[in-house]
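Read the structure below first, then the notes.
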């Protein structure tokens, strides 16, 4: 006899992500278990995003439909800007990221994969939870490295060589800052006991919103326009931080800067255009 109550219970607890997870395990298990996989995933995501935004930067001077969304419409991203930021990014990856990845590949055993996928609720809450924790960690790190002069000069001043943000500035970082960001991105899902699928999704989300913060554009689909009540900082607020380095320290959310008295509200792009005409 069919036990309808147990069948209903099993279906209700089966994750909608299970088919995807089953496919990934059946077809790409060896790749997913490799210690190199998170590194390749994150680097690939970053390169795709910066390629997209860099193409926009190069087209913007002659394409008004793109330029209208630039935060600083009177400035252009030059080949020199692209070359210098890309050179440091390449240097950091070759000198630090690649050797660390190879070391993990040599000495760390393959990662065991759970049979079951996370529930959709656990998946989404895990990403949100990791983002909240990372936001707090980097807010404190960022505030400290601006308030202590030696820390700023030694580790963080490099990132502020560019007052105009564009995508490649995202990882225009010292080795210490790059290590700090990578450490929290890796450890936070472990602290919250997230499924590995959730951890990888958080990693991709973190790279996406970090690059968006530095992209130099105020698009209608930007995170700060999607998250209600002004809770998300976004590209405008982070650009304001590069203009006024004593403000807007939190990387993603806005509440820590509100509570800490370090928040500043940038003018929207359209207001800037109108002000320029009036001037």
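Glycine is no exception: its Cβ is also placed from the backbone N, Cα and C atoms.
These numbers come from a predicted model, not from an experiment.
Taken from Swiss-Prot, the feature domain 'Fatty acid hydroxylase' applies to 128-262, supported by sequence analysis. Feature annotation from Swiss-Prot assigns N-linked glycosylation site to 6, 13. According to Swiss-Prot, the feature motif 'Histidine box-3' maps to 237-243. Residues or ranges marked as transmembrane segment in Swiss-Prot: 36-56, 86-106, 120-140, 165-185, 189-209.
Remote same-chain partners of the transmembrane segment (189-209), defined as residues 6 or more beyond its termini with a Cβ less than 8 Å from a stretch Cβ, comprise 17, 21, 24, 32, 38, 41-42, 45-46, 49, 111, 113-114, 117-118, 122-123, 126-127, 129-131, 133-134, 223, 252. Taking every listed stretch (36-56, 86-106, 120-140) in turn, the largest tally of C-beta pairs under 8 A with the transmembrane segment (165-185) is reached by 86-106. The list of residues near the transmembrane segment (120-140) in space but at least 6 beyond its ends in sequence, with Cβ under 8 angstroms from a Cβ of it, reads 15-17, 180-181, 184-185, 188-189, 191-192, 194-195, 197-199, 201-202, 205-206, 209, 249-253, 256-257, 260.
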